[in-house]
Amino acid sequence: MGVDGVIGEDEGLRRRGCSCGKDDFLPEESFKSWGNYVQALKETPNRFMNRVLTRSLDSTELHEIKARSQHEMKKNLSWWDLIWFGIGAVIGSGIFVLTGLQAQQVSGPAVVLSFVVSGVSAMLSVFCYTEFAVEIPVAGGSFAYLRVELGDFIAYIAAGNILLEYVIGGAAVARSWTSYFATLCNHDSDDFVIIVHSMPDDYSKLDPIAVVVVCVICVLAVLSTKGSSRFNYIASIIHVIVILFIIIAGFTKADTKNYSNFAPFGVRGIFKSSAVLFFAYVGFDAVSTMAEETKNPGRDIPIGLVGSMAITTAAYCLLSVVLCLMQPYPKIDKDAPFSVAFEAVGMSWAKYVVAAGALKGMTTVLLVGAVGQARYLTHIARTHMLPPWLAQIHPKTGTPINATIVMLVATAIIAFFTDLKILADLLSISTLFIFLLVALALIVRRYYVSGETSTTDRIILITCLILILGSSIATATYWGVSENNDWVAYVITMPIWFLATAGIAVFIPQARKPKVWGVPLVPWLPSLSIAINIFLLGSIDGASFKRFGIWTCVLLLYYFFFGLHASYDTAKELGENRIGDGWKRVEEGQSFSTVTASGVSLDEAK
């Protein structure tokens, strides 16, 4: 299809607005008829190879892909908005719900070190996200970054886990919202849920209040991004005031004797807690999706992302220290730790302040998550890996209404049924997986540029990356399966990681320098981010990995029957599938020569 055809189709989309016809969901050539679809399925291997070996360009994400939404998002956010979005996105149910359980049963007072480990991992990921968000300020966040550096297929798998992360994270926070609301109303945490004894235990507590909360958040998110920012700003200020109250009031009741047995569960307990408590840091990546709506991305994004994460980490460490100083760790309540701690020291009235603060925090987490997840979905739909109907931007509000509603409906359904523990464990896997891919993509971005990186440098880079990943996986695996404190394996795996990272730093010149803001100490910081994220993955239970595997299988089924063919047709229509020099183009990071824009097959191309 030529350029005129593309323009005509775009005009047709504008006329349809927010209609729900077949062409709004499957407008591509492969789905025009059953015959076309059968032919597309026959070409699946060649098409799959094309998508695996195709890398996007910065300019493509910034212009062509963004233009498929028909309307621009409004640029009305500053660094001040982003800092408060970051605080609102991160400080939520994680600190108020999971801290008690981990301190009581897994790490003891050393839970503060668990927050430090998780915080370091999160901050390293923030650095990686920030450089990408400044260079490629689009709504797609990590999906767009991975498309540019690691290719379409890897980006799609990451995209599926990004969406899972947001749905599960929102559902977990919505269920926690109900529990704290019950506490505020002087009820037990389960008083406002409906228990269905005929259903499995992990899915038997139905939560209608969580559904109502998600629906209210949906209305706020679709009306205006700036309006959401103002609401988040006010709610976050109240939340910060409550956190300061907890810290100051808590220290007045501190007893240093409670720190006499600082790490009762040893080093292993500290790292096990850090993997679970990573849930408390989830959400900052939502801020990177707002880059498209930021007035000055080069200045505002680094300040917003790094600043909000530094504030959050400091707050978490202080809160965990206060909790363990107020009560001996065996007496900490695992469901409402701060409320019970204040009650234990004679400040029963403070539990209502804590509950109110937790509700404010969880409300802002839900709101920022709703804004971020809709923008991820919008950018994914722009590539036609998902139906383009989801990419439409409303001309009046400047927000992706369709994507927002779809994501929050999914969140409400999960929140209605599923237990918090299942949600928290599965969320951590998806998040850590995405963060390690973004760190890997940053190393590729700095050391590999089409047409500039030599064959020798490319081989060294690939070898070193394989060694970094392999040594990190070996370290995490040994940690996960061993029950003793034998350090022999680490003496082998850690030097391999160090030498592989040093190999990149010493033997490969950087092919690309950041234009505005860059991660310091590359490749060391992104390589360390990869190692820590994989290490934390090794501390998560096996059942969560099984659920992660099932979700990945679902993603692959959709991809091979729909997403692959839709994105392939879209790339073909825009001339991205170019005939050329075969694997030479693949090595240079360009599109694999399986077809031409006119539809030449692989055999004909050869």
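A Cβ is built for glycine as well, from the same backbone N, Cα and C atoms used for every other residue.
Computed from a predicted structure; not experimentally measured.
Feature annotation from TrEMBL assigns transmembrane segment to 77-98 (among others). Long-range contacts of the transmembrane segment (77-98) within its own chain (CB-CB distance under 8 A, at least 6 residues past either end) are made by residues 172-173, 176-177, 179-180, 225-226, 229, 232-233, 235-237, 239-240, 243, 276-277, 279-284, 286-287, 290, 293-296, 299-301, 303-305, 307-309, 311-312, 315-316, 319-320, 335-338, 354, 358, 361-362, 364-365, 367-369, 371-372, 420, 424.
Look at TrEMBL and you will find 110-132 (among others) tagged as transmembrane segment. Long-range contacts of the transmembrane segment (110-132) within the same chain: residues 99, 102-103, 141-142, 144-145, 262-265, 269-271, 273-275, 277-278, 280-281, 284-285, 288, 301-302, 305-306, 309-310, 312-313, 316-317, 320-321, 324, 435, 438-439, 441-442, 445, 514, 517-520, 525-526, 528-529, 532-533, 536, each at least 6 residues beyond the stretch ends and with a Cβ under 8 Å from a Cβ of the stretch.
Same-chain residues lying 6+ beyond the ends of the transmembrane segment (153-174) with a Cβ under 8 Å from its Cβ atoms: 48, 51-52, 92-93, 141-144, 146-147, 207, 210-211, 213-214, 279, 282-283, 285-286, 362, 365-366, 369-370, 372-373, 376-377, 380, 385, 407-408, 410-412, 414-415, 418, 420, 423-424, 426-427, 430-431, 433-434, 437, 551-552, 555, 559, 563, 567. Summarising the annotation, TrEMBL assigns transmembrane segment to 153-174 (among others).
The list of residues near the transmembrane segment (206-224) in space but at least 6 beyond its ends in sequence, with Cβ under 8 angstroms from a Cβ of it, reads 170-171, 174-175, 177-178, 181, 192-196, 231, 363, 366-367, 370-371, 374, 394, 397-399, 401, 404-405, 408, 411-412, 415-417. According to TrEMBL, the feature transmembrane segment maps to 206-224 (among others).
The transmembrane segment annotation in TrEMBL covers 271-291 (among others). Only residues 6 or more beyond the boundaries of the transmembrane segment (271-291), in the same chain, are considered here, and those with a CB under 8 A from a CB of the stretch are 77, 82, 85-86, 89-90, 92, 94-95, 98-99, 102, 106-107, 110-111, 113-115, 117-119, 121-122, 125-126, 129-130, 132-134, 136-142, 162, 165-166, 169, 172, 225, 265, 297, 301, 304-305, 308-309, 312-313, 316, 365, 368-369, 371-373, 375-376, 379, 424-425, 427-428, 431-432, 434-435, 479, 535-540.
Long-range Cβ contacts of the transmembrane segment (303-329) within its own chain (Cβ-Cβ under 8 Å, at least 6 residues beyond either end) map to 79, 81-87, 89-91, 95, 99-100, 103-104, 108-109, 111-112, 115-116, 119, 122-123, 126-127, 129-130, 133, 243, 246-247, 250-251, 253-256, 258-259, 261, 264, 280-281, 284, 287-288, 337-338, 340-342, 344-345. Residues or ranges marked as transmembrane segment by TrEMBL: 303-329 (among others).
For 349-377 (among others), the entry in TrEMBL reads transmembrane segment. If you look at the transmembrane segment (349-377), the same-chain residues 6 or more away from its ends with a CB under 8 A from one of its CBs are 85, 87-93, 96, 139-141, 143, 159, 162-163, 166-167, 169-170, 173-174, 176-177, 180-181, 183-184, 213-214, 217-218, 220-221, 225, 228, 231-232, 235-236, 238-239, 241-243, 245-246, 249, 283, 285-287, 289-290, 292, 336, 338-340, 342-343, 386, 390, 399-400, 403-404, 406-408.
What TrEMBL lists as transmembrane segment is 398-417 (among others).
If you look up TrEMBL, you'll see 429-448 (among others) marked as transmembrane segment. Tertiary neighbourhood of the transmembrane segment (429-448): same-chain residues 121, 124-125, 128-129, 131-132, 142, 145-146, 148-150, 154, 158, 161-162, 164-165, 168, 278-279, 282, 285, 457-458, 461, 465, 469, 504, 508-512, 519, 522-523, 526-527, 529-530, 533-534, 536-537, 540, 544-545, 548, 589, selected by CB-CB distance under 8 Å and a gap of 6+ residues from either end.
The transmembrane segment annotation in TrEMBL covers 460-481 (among others).
According to TrEMBL, the feature transmembrane segment maps to 516-536 (among others).
On the 0 to 100 pLDDT scale, the domain 'Cationic amino acid transporter C-terminal' (517-567) averages 87 in this prediction. Annotation source TrEMBL lists domain 'Cationic amino acid transporter C-terminal' at 517-567.
Residues annotated as transmembrane segment in TrEMBL: 548-568 (among others).
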State the non-local partners of the transmembrane segment (516-536) in its own chain: residues 6+ outside its ends, Cβ under 8 Å from one of its Cβ atoms. 117-118, 120-121, 124-125, 127-128, 130-131, 134-135, 271, 274-275, 278, 298, 301-302, 428, 432-433, 435-436, 439-440, 442-443, 446-447, 468-469, 471-473, 475-476, 479, 497, 500-501, 504-505, 510
